[in-house]
Amino acid sequence: MATVVIKIGGSTLEALEEGFYEGVVKRASLGDKIMIVHGGGPAINNLLQAMAVESQFVNGLRKTTAEVLTAAETALSGQINKQLVRSLYQAGGKAIGLSGSDGHLLKTIPIDTDKLGFVGAVESVNVDVLFNVAKAGYIPVIAPIGMDANYQPYNINADTAAAAVAKASKAEELVFVTDVDGVQKDGKVIKEMDEVLAKHYIEEGVIYGGMVPKVNACLDSLSGALTKARIVNGKKAYHPSAGTAIVKQSNVLTSGA
């Protein structure tokens, strides 16, 4: 029985097929502890547009004013979180939607208030909340809105939140759900590669464009008990060996598809 953290990006949500949710539910039914962390950038953008509020990005992070924070919390903890919960139920599973503020799940500290406003980094994770939810037979679905020691909410990058949850829960695997089949070389999906090979492929340009930050997020997550990160296509049925696995140990001799 493994603990698996699945990160679903906001831009991927609308493309997820029913088969993906069914695969997640099946894996949970076989005994794995599944924890989901999600983003919601497009939903936040739509809400900000409706509110006539402009936002900007600094080094890839959304600068979060008080107005932007309200939109982010509404879209993430409300709309997107509950959409995912409903989809898991429709696939035959059981899920509970949580914000990082619930149970002080994601204790947060500001990154740089002057430059980023209410954007936070995860200081600690209350894993007891997650394990209690999982023990009761539910899949926790986490919106990345954290809270500091003074109960101020913060917007957290979903990749960062997922990595923090994976590390704190001592997960064996972290899965990044995207809209592609995995990392490709010569038109074929690479089934598995280690850290050294992944960095080499980035340097050589085999891994390029939008895949680079995804692979870097996988590399950054490989710490502690986490020995494997995986990139999968959310448009297809999810199963444990799908996509590309990036592993900690240098045991991969080839990049064979």
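Cβ atoms here come from the backbone N, Cα and C positions, even for glycine.
Owing to the predicted nature of the structure, the values given are computational and were not obtained by experimental measurement.
Just one of ARG27, ARG62 is listed by Swiss-Prot for the same substrate site as GLY40, GLY41, ASN155, and that one is ARG62. DSSP assigns ASN155 (substrate binding site) to a strand. Apart from GLY40, GLY41, ARG62, ASN155, the residues listed for substrate, the same chain places the Cβ atoms of GLY10, GLY39, ILE44, ALA72, ALA75, LEU76, ALA158 within 8 Å of the centroid of those Cβ atoms. Note: the CA-CA distance between GLY41 (substrate binding site) and LYS7 (site 'Transition state stabilizer') rounds to 14 Å. Sequence-distant neighbours of LYS7 (site 'Transition state stabilizer') (same chain, 6+ apart, CB under 8 A from its CB) are ILE36, VAL37, HIS38, GLY39, ALA158, ASP159, ALA162, LEU174, VAL175, PHE176, VAL177. Put simply, the two farthest-apart Cα atoms among GLY40, GLY41, ARG62, ASN155, the recorded binders of substrate, are 12 Å from each other.
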